[in-house]
Each structure stands twice: as C-alpha cells, then as structure tokens.
Amino acid sequence: RRAVAFWMSCRALLPCVFSFNVDDKNGLNFKGSLEDMFGYSVQQFENSEGKWVLIGSPLAGQPAKRTGDVYKCPVDRGPNPKCIKLELPENTTIPNLHEVKENMTMGTTLVTNPQGGFLACGPQYGYMCGQQMYISGVCTNVSSNFQVLNSIGPEVQECAKELDIVMVLDGSNSIWPWTSIIEFLVKFLKNIEIGPKLSQVGIVSYGEQVIHNVNLSQFSNTQSLLGKVMNLEQQQGVRTMTFLGIDTARKEAFTVERGARPGVKKVMIIVTDGESHDSHNLKSVTAECEKDDIERFGIAVLGDYNRNNRSITEVKKFIEEIKNISSDPVGDHFFNVSDEFALLTIVDALGSRIFALEATSGNYTSSFKMEMSQAGFSAHTSKEVVMLGAVGAYEWNGTVVMHIGQSTMVPLNADFHDPLDERKESLAGYVGYDVQSASTPNGVLYITGAPRYNHTGRVIVYKLDENHITVTQVLKGEQIGSYFGSVLQTVDVDQDSYTDILLVGAPMYMGPEKEEQGQVYVFKLNEKGMFEHQATLKPDNQTCCTSARSHGCTNVSKNDPCGARFGTAIAEVSDLDLDGNRDVAIGAPFENDHRGAVYVYHGAKKTIKEKYVQRIPGPGDGVKTKFFGQSIHGVMDLNGDGIIDITIGGLGGASLFWSKDVAELYANMTFDPSKINLQQPSKGCMLGGRETVCVKTRVCFSYSVKSEKDGTNLGTAIKYTLTLDSLRAKSRAAFLNMDEKSERKAQATAKIIDNLCVEHLFAMKAELDFRDPIMVSLEFGLAEDTGPVLDGDLPTSINKTIPLVDCGTNDKCIADLSLKAVPSIQSLVIKANKEKFHVLITTRNSKDNAYNTKVMLSFTENINYVKVEPKEKYCSLNNTKIECAVGYPFLKSNVEEVFKILFEVNPAHIWKEIQINVTATSDEMNATLFDNSVKISIPVKYEAGLRFTADRHMKEDHIIVKEGEQHPSVFNATSVIGEEVKISYTMNRDVDMATPPLKLRVKYPYLSPRENILLYLTHDVRCHAGHLINPLKINHNNAHTLNLKKETLSDFLVVSQQCVCQCYLQVIDQLNEILNDCQAEFTSLHMTVHATLENQNTDLFMLSTANNARDVKIQVSKEALGGIPLWIIIVSILIGLLILALVIFALWKVCGCSRPSLEETSEDLDVWHPDSELII
C-alpha cells in the first residue's frame, strides 16, 4: 500500500523513477513443489559450464523416499529454464554405518565455498546403533562441476556394538510395586539387540543376600530374555546390602563362566531405593570396579523416601551415596527418579548414554553429548574456517563445529555456557542456529545465535585461539519468543576487508497487535572489537485480518499466523546501487497473507540506512507459491551487464531479478539578469502591451551511468517542469511562448547523452510587490522506466530565487543601516523567580532600499529568549541565536523600525554577566559599518535561594532556678550538669536556584566575667568545634569539681567570654548545650545564641538580609518567693501615713483651726533594679 501511494504521488508530477534498481517486473522464475519445500535455500553459482541458481529442496523425494536435494537451474538458456536435480543424497555416504537418509533434509543449508564449489547440508541425516538412531547431520562438499568430493559428518563415529551389561537390582521390601521394576526392565531391554556378537545382559538382585537371576550368555536374543524378565520375582529382605550386590556382580557376573567376553566393554547398572547398610565398603568396592574397567550407572529411586516423608538431609545423603557409586563424569552416569513408576521416563536417556558412540578418547559416554547434534543446521564458510551449527548437541544446548584446515574442533558445552550460573537458562538454547564470522584488525570474531536461550535468545561472540574458545561478548534479546539470534549476517559495508556491522534477526518479534511482525537489530563494530546497538529495522506494519478478527477488513487472511516474520532471511548484497558500499536485503516471508516480500537497504558510511529503498513483493499467490523471502542471495552479475543481480527463494519457487543500471542526473539553473529592477525594463521585452523586465532562464543537465561496462551510456529521455513564483497562488511572472500567450509552467521532454542545456524566457507582470523574491522551481527526472534508474540519493528538484530590487536608475543599491540596542536594565540580581528584561532595538536605513535586512542577536546561555514585540514581527531562534527580519522584503530608504526582544534569566547557567551581541545586515553594500553592531554587557549576581531557620528544643519555655536549689559540686557525666538546650539550624535550598559555598558561624555565651560556665557544649555538631565539645572531659572516669564564684550579673557588669563554632554548610545537625550552674545574683537572665551564614563566593552570589542571621534566646529566672516582700510593707505604711496626714490637714483648713506649719521633708529612696537582660 505504501508503494502504491508513492507511485500515485509521483505520477501527478513526472513519470515516477524507481526508488531502487531491482527490476521486479522482469526476470526468471523457477518453479518447484511446495510440498518439497523447493526454494527453501538459494545460491548464485558460476562455473565453466555457465551461470546457475542453486535451489535447495529439503523434502524432495516425497512420498516414497523423502531425502531432500539440491537443484541447479541455468540462467542463460532462455526464459523458461529447466532445473536439474543433483542427486546429492545418493552420492552422500559415510562408510561403516547403518545410514538413515530418509528425512535427512538435504539442501536445508546451502553455502558457496570461497575455494570453489559449494557445501550442501542435511542436518537430519542419521544412522542406527542397534535399535538407537542418532541424528548427527551431514554435509556434502561439491566441486565446481557438481561432483561430490566428500561427505562431512563431524560427529559420526562407530557404534558400540558389543557390550556386557549387568543390572544390579535392589530387591528389598521397600521397593514397591515390583511390577514397575519389571516394566522398566522390559522397556529398556526392547531397545537392545541381544546376541553372542552383539550385546549381552545379566541380572543380579540383592537384599540381604545376592542372587544371579540371569547370566550374560544365558539368552541369545532379546525376545528370550524378555520372557524371563517378565516373570522375574522380587527377592525380598529388610536390609539393603548394596555394596555386597555390586562386589558380587563384579567378581562373579563378569566371569567367563557366566558368559563375559574378554575385551568387551563392561557396564553395570545399579537400581536402588535406599541408603545401604554396608556403605562402609563404598570406597573399596568402587575402587575395585575401576581396576576392572567397569562403567557404572547409578539410579536412585526416591519412592520410599517420599512415601515415608523422610527428611531432606536423609534424601541428600542417599543421593550422594549413589553419585559416589556412579562413574565419572557423574552427570552422565547418575539418574534419580521420584518413585518406581518414574523409571520409565529415563529409559531412552539411559539407553542412549550406555550405547553412546565410541569416543576416540575412551572417556566412557562423553561423546553422547553429540549424538543428536544435527550438524549442518547452519553453515558459514570463509578462507580460514568452515563453521557448522549443531543445534542438537549437549541436550539441545547446541554448539558450533569448527573445521580449520584438516582438523576439526568441537567446543564443549561449558565453552558457551557456565553450568553453575546458567544451570536453568541454558537448557535447549539452540547454539549454532546460525553462524557467522567478522573480520577485524585484531583477528577474526566468530558469532553464533542461540534463539531459545532463556526464551529471549542471545548471540555469542567468541575468539578461537589454538582450540581454546574465549567468549568476548554476549548480545541478549528483549522479548520472549522473538527468536533473537536465529538469523545472523555480518556486512563489510565499505569493502575494506573489515566487518562494519552485524545484523541480528528476531523474526518472531510480536508487534502491537500480537502478530509476528519481526525486527532486525543493527550492531556496529567499534574500535575495541565490541558490537554496539545502533538501530532497529522494522517492516511495514501488517494489519491482521483473520476470520477471528475481520471487523473493518476488506481482505480476510486465509493463512495463519499473521504478520511478516521480517528477518527470516538477511543477506549481504554486493553493491546494488553502484555507490561502492555493500547493501542488505531482508526477507519477510509472511507478509501479504504469506505471499512474502523482501526489503532492500542501502549501505552508507560503514552502516546501512534505516529507511528501506525498495520493497519487492512476492510474485506468488500464497497458495502454490508462498513465503517469498525465505532465502536471499545476491553476489553475482548473472546476465553480463556489469550489475549485481538478486535471487530470492520461497516455498514452491524462486525468482531471479535483474538489476538496472543507476543513472546520475544533475541540474543547474541560472538567470540573466540575476536581479530584477523594474526601473530598468529590458529592451524589446513586452508583456500585455507594456514594456517590462525579461529574465532568461538557462537550465543545464549532465547525465551519466554508474556501471563501468563500456557502451552502457546510450543516452535517455528526460522530462522537466519549470514553475514560476512557486510559493505564490498567483504568479508575478509568465513564460513567453511563440504564440505570445503567457503561462506559469514550462514543460519539456528532451534526449540527453552526456550534457544538455536549454533556455526559457519569462517576463514580469505589472502587478508587482516586493514582499518576497521570485522563486523558480525545477523538477526533473527520467521520462522512461525501461532503462536505468536515477540514483535515489540525488535530488530531483531545485529551487532558486531572483531578488526584486528598487534602486532607481542605479545598478547597485547602497544602503546605510544604523543600529541601536538598549537594555531595560543596567545590572541584575537574580532571585528565585525568573526575572525578565528586554532589549529595545532600533534599526534605521538612511540610503537606498536595504533588501533582506536582518537583525541578528547572539547571547550567553544564562538567559532565554521569550518573545518579540510587536507579535507581528517574525524572529527565528536557533539555540542562543535569534534572527529577525526587518522591513521584509526590504527596509525602505529613510525608514526606522523599532521592536523589543524579551529575555528571561536561566538560573541553570551561572555567569558573571549577561552578554548580547546585536548586528544588522542586508544584501546590499552598506555605506558605513561602525554603527551596524552593538555589544551589551549586564553585570549579574545571584541571590542564593535559601530559607534559614533556627529552632530551640527545651522541656519548658524557659529555665527556672528554684530557691535554694543546690547542684553537686562534682560532675562525672554531662547529663547531670544542668538543663539541656538543643538548637537546630535548617537551610532549605530552592532546587531551581544555585547555591554558593556557605559557612555557618555560631556564637554562644560560654564564661561569665568571673569565669563561671554559662553554656556547656556537649555533642558534636559536625563543625570545626572539637576544642569546645566537653572541654573538661567529664565522664565516669574523670569527675569535675565545680568551683563557683559569686557574682552579680547585669548589663553593666557582665561581659562573658564567647565561643564560636564554624560550619562549612553541608549537613547542619543540632547544637546541644547544657546550662551550667553558677552562683550569681539575678532575677532573670537572657542569653542569646547568634548564628550567621557567610557567603564564600561574593563575586557571583549574595545572601538576602532576611536569611543571613538567626538568634535563639535562652531565659533563666529565679523562682518567686511566697508572701509579701518587706519593702512593699514599709512603703505601704509610709504611703498610708502620708494619706492620713493629708486628710488631717484638709480637715484643719476646713475647720479654720490654726495649726503650726510642718516642715515638709523628702527622702530620696535609692532603689536599685538590676537589669534583667543579658545579651551576649
């Protein structure tokens, strides 16, 4: 749908050029059977006979003999090529094996060999060892003339045909039910071929005694032995003599008399359900078994432990004993099951480990780990090494088989997994699902994917040094079930022989609608040899319209699952667009209801562009041919035109697409005259019966093709369109044609080989304004789609403008701009709120019109642009630069324009000053330049955003000293000195404002004039106050004797000694002080603790006066005495007598009685009021 929309938009203008050069309309189609999976893999190939497409068909040969195969399909023998089957399975063989080629899926993996020929693999190739089938996988090395050179089975080894097996069974009473033991024996023995030249089985049972139930040579075939076993009786017994049974079997069961064969491998299987009663013989018995080369398998049955609820300690002890019985490595020789019924679940694993392939090292069953390896599931060839993915190795953990020269290396499971750290996550990770290598200046990196690791998948990057593997990096998937790492591709984009990027596919990545859209991760290889995630590529979103979700759908999908599975195939494609960089093609085989599609990405600058340049839809119908994009290969020019072609496979067919040559078409446009001055009409230029200005437009094209093949540039037809005044709804100019009709557009088609120039003439109309210049647009492209395609990186349109000038009769305009810029402030203190200010800008032109006049401002980062006034003024902002148009399109002569630019401070950036540079410019020459620029500098200081508080914590509002209260004269702890006072200081910082380094200075009264201690500091305050804290060192071991001195405290007499604590502000804790006892005469005493904040960076910061100091007052007062004081009584009596005298005198006057005069005396009462407040 996206491609259709693009095509329609292009047709409105010009015949649309190809977005890329893969011709998906022409090519070759190769048809095959969908059931045979014809097209599952593809490779381009060339030999002396011609050029071919090799196509894998993993299920070819149905229904009778389904082995898979590879077809060779010629590409230079007509439009309907016939593919030829190579019959590789018939010629693929490994001697001395009972081969199983049916379902071997030959052609699943197909890679070309750098030394010539190719490698085809069948990862399901297997062979029989007795009744056991091993799926080891096989690859066939085919020469350039399609002859099988050799077959590679990296883990195929001879079967262990002859074994003497003795089963030692616990027959004690705790085994229950015995029928489960019989069923286990029957199922196990059915998979063994019994015979004198094959394997032999003996059975020994024990309890308190040991019985030989079956001798090794007693039965000559499996059926006879099964008849005996099905009637085997339980021995019974209350004691479990396990080591007696093992030692008896060693001494007697493996003797010639009972059928043991000299030189044949000896195997003992011990089945028991409880800890032995003769465990003291463990070391001696197992040592004797080692001397006799008896390989031992131990099976611990936990049924009795579970039925009787035994403790975990007992269970662990039992399991440890059976592990000690088992041969090394214990992980291959020890089994445990929950009960007797569960024995059936381990039969297959037990049989596989016993009948493991003969390892060259002879380490018992160590080679069992590769018996289901499926080597060849993936393959990668380079000059140094052949890598074969073996996903089934190590119980489906997987590995990578490395062929280096004539040697083969098989990494161990621990090489890719840490068994301790990954004992759960690593199960069935599928290491080897895909393999790649990367070339670096420091050597080769090997890469493999494990898409099922931890359910999210991962990619392992490792180095190989003399058969030693070192994992250098692990890339992890992000979504469960996405199959991250199932597809890998390294790309040398710039073709310098070193890998640039790694592409990792996650084709089952779920999209937003839970459909399998898939995505591809791009990792760039850095200079340290590590991959860094760079981008994630995604397909076009697929709308899933299924029968279950068909609401609003026009076409309901017939196939499930829905989605794209983008990333199922990823291929490095050799430079499709001929720009010197390799490109990438990515398959999405589930797109469009399983028809499929392929996305093509261009390489550029050591990586690939994130936007695809072409989407190639599948040519199939989604029924007979489907999953287009399942495989991709594009490294050869198969039709001889010098350009790489691309082959894409699906199921039921494959297609070969030819690539088109890439053309480069450049255009240029010039005007004569270069500026339009209507005051100077062109001679002979008429439009609408009036003389006007004519402009000659010259358009030149240059054309070439990128391919280096001679004779490829035969020329082509181009089409172009010129549009006048393209930004206007109504044009101010018109083209002049032969019939004197005016038009806005000029269209033409022309033939070009190398270069072409054409001219067009247009004239200016009468209705002209000068708001903006005339824009002329040129759009161009190829007129035909049958030849080369345009380089998608080159422009297909250009726009140029012709300025309009009004300079009278002069050819040149000479302007004279002058600029004034005045800030609204001269200095600034920045507080918590964002202060604003403005710059008033005045621009004046004293001479000719100044075209394209601009005022440009650049400013420091400690301010932000807010707006321009008036709002009609247009200004553009770019970081810390502003550009404002003045008098657009020109500032007329003797015209002045004024506007304001508003700024606000940015507290995030601390500068000593605000700097603003203002410059005025225009297109014309300026008569004077000295007044065209202004520099503004505004000093700045920042007010620290702080709130400074002090809190006092006391039991009461103030301290009361009771009358007659006595303190002890000796102190042995600070807690008994006196009342405790806690003072806490808090600085709250405004998060939006910066804060300078601060110092807190605390002053408090320490000693009175007679050196009585007033306040005594007792706890650390995280300041520089160590000498002040408990200076007398009072504690239980150091008592202090108090020597009080009597003194009177008053404002006039007391000057107490102060102590100072200095804190560099980080965390302010509490200041803990204790009021010490002192013998003094006072009524009420006020002491002040004074704290001051000091700014340590006065150049940039300042503190507000409201936040620089805090005082805490501590009041101490004496308890008031009961009753009336004596002086009050005396004064009251005197006053009473005085009132009585006045009454008598008044009566005497009234009565006219003559009284002798009394001499009035006065007495000064000297009453001293001691000052009650002491401020220190």
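Using the three backbone atoms N, Cα and C, a Cβ is placed for every residue, glycine included.
Record features (TrEMBL):
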- 1-19: signal peptide (SIGNAL)
- 24-82: repeat 'FG-GAP' (REPEAT)
- 164-350: domain 'VWFA' (DOMAIN)
- 470-532: repeat 'FG-GAP' (REPEAT)
- 552-610: repeat 'FG-GAP' (REPEAT)
- 614-674: repeat 'FG-GAP' (REPEAT)
- 1124-1148: transmembrane segment (TRANSMEM)
Residue distribution over DSSP helix, strand and coil in the repeat 'FG-GAP' (552-610): 4 helix, 22 strand, 33 coil
Summary of DSSP states over the repeat 'FG-GAP' (24-82), given as helix, strand and coil counts: 0 helix, 30 strand, 29 coil
Model confidence over the repeat 'FG-GAP' (552-610) (mean pLDDT, whole number): 89
Structural state census, the repeat 'FG-GAP' (614-674) (DSSP three-state): 0 helix, 40 strand, 21 coil
Counts by DSSP class (helix H/G/I, strand E/B, coil) across the repeat 'FG-GAP' (470-532): 0 helix, 29 strand, 34 coil
